[in-house]
Amino acid sequence: MQCDRLWHNARLATLAESRPGLGLVEDGVIAARDGRILHAGPTAEAPSFAARETIDCEGRWITPGLIDCHTHLVFGGDRAQEFEARLAGASYEEIARAGGGIVSTVRATRAASEDDLVAGALRRLDALIAEGVTTVEVKSGYGLSLAAERASLRAARRLGAERDVTVTTTFLGAHALPPEESDRDRFIDRICAEMLPAIAQEGLADAVDAFCEGIAFSPVETARVFEAARDAGLPVKLHADQLSNLGGAALAARFGALSADHLEYTDEAGAAAMAQAGTVAVLLPGAFYFIRETKVPPVDLFRRHGTRIALATDCNPGTSPLTSLLLVLNMGATLFRLTVEECLAGVTREAARALGRLHDLGTLEAGKWCDLAIWDIERPAELVYRMGFNPLHARIRRGR
């Protein structure tokens with residue numbers, strides 16, 4: 001059988017659900033043609049391949065390329081001054097209510113050119129790519145006007161043209177009330193009637209998100225945005241239950257959301273509803289750490305009900321200025337007590353599920369895109385165990 005590239009003498013963590021645990025294969029081979037995997041499994045079970053190029057992995061471990069399924073990479077400015085205010089005792093909510101927080105980034109983002117937004121985002125993206133990330137989700141939400149949201153989403157799309165990485169984009173118009181607007185209902189009307197339909201028609205977004213929280217939007221307002229997204233044919237996801245329990249997890253489940261994210265205050269009913277709906281719990285330990293939260297997401301409830309768990313950086317200027325998915329692995333284990341298997345699945349298979357891309361990403365299986373990360377490690381647990389450590393040997397996207 002013909003193939004373009006063949007990686008042999010490798011150990012595989014396939015993350016395939018057809019295999020137990022991490023889907024480990026001690027003597028493995030991966031064959032790819034036209035960017036997709038033809039075979040990923042034991043050498044003894046592989047067909048005879050005639051490869052244009054053969055790569056000896058010398059016993060290294062191969063995982064699926066890593067997926068960062070929740071980021072805000074496109075923004076202007078920074079929020080270092082707010083960091084100092086928090087160190088002096090101000091809370092995230094106090095800063096937001098005083099006109100800082102998201103709104104301060106909105107001002108900086110609107111003032112930046114699209115080229116400047118791309119340049120800043122590329123620096124952050126490059127840090128993720130250097131650790132084996134092959135797919136990244138990028139949200140808007142720092143424009144909060146049709147023109148500025150368009151510019152942010154165009155900038156996000158350009159990242160995929162500038163770098164060898166798959167970029168999925170999410171319209172987060174319902175992130176905060178913009179500084180020029182005082183009427184929440186009127187702003188939600190504008191999102192639903194003007195912004196979201198235009199962005200959907202222009203193909204700038206793959207999904208729609210909202211921030212359902214006391215300092216942002218209510219469940220009723222969020223539901224209006226989700227109904228408009230459904231009318232536009234776009235899937236939804238939700239920033240939910242981060243600072244309080246407004247029933248965001250259950251709301252996300254009611255709309256069949258791809259994911260609900262943060263979830264520190266989610267209750268058992270929310271966890272059960274998410275499991276029933278197939279909504280992935282995306283946990284964001286970087287934000288938990290950075291704003292010094294104390295309430296841990298209910299991981300035991302997610303396990304009990306079979307809710308899938310993913311991990312992501314939540315890279316953003318205010319609450320998680322983090323561009324290391326490897327550090328997120330360690331944080332997920334140490335802060336949230338996730339297992340090694342849950343952590344590694346959370347940045348591969350379950351992250352793909354959270355983006356609605358499990359059919360072609362997230363595991364090493366025939367038919368999926370050949371996105372690989374090759375590591376200089378003795379065992380996969382090292383990726384979770386060590387900090388400040390990047391053992392990436394090679395990163396392959398679409399077989400190249």
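Placement of Cβ uses the backbone N, Cα and C atoms for every residue, glycine included.
For the N-formimidoyl-L-glutamate site, Swiss-Prot records N316, G318, and the single candidate of Y142, Y385 listed with them is Y142.
What Swiss-Prot records for the 4-imidazolone-5-propanoate site is R79, Y142, H175, Q242, and among T307, T313, T319, T323 the residue it adds there is T319. According to Swiss-Prot, H70, H72, H239 bind Zn(2+); the candidate from D164, D314, D360, D371 that the record adds to this site is D314. Every protein chain considered, the tally of other Cβ atoms within 10 Å of the Cβ of R79 (4-imidazolone-5-propanoate binding site) stands at 22. Of all the binding-site residues listed here (H72, R79, Y142, Q242), R79 has the Cα closest to the Cα of G318 (N-formimidoyl-L-glutamate binding site). Its Cβ taken as reference, H70 (Fe(3+) binding site) is surrounded by 31 other Cβ atoms within 10 Å in the chains shown. In the three-state DSSP scheme, H70 (Fe(3+) binding site) is classed as coil. The CA atom of H72 (Fe(3+) binding site) is located 14 Å away from the CA atom of R79 (4-imidazolone-5-propanoate binding site). Of the recorded residues, H70 (Fe(3+) binding site) and N316 (N-formimidoyl-L-glutamate binding site) place their C-alpha atoms 10 Å from one another.
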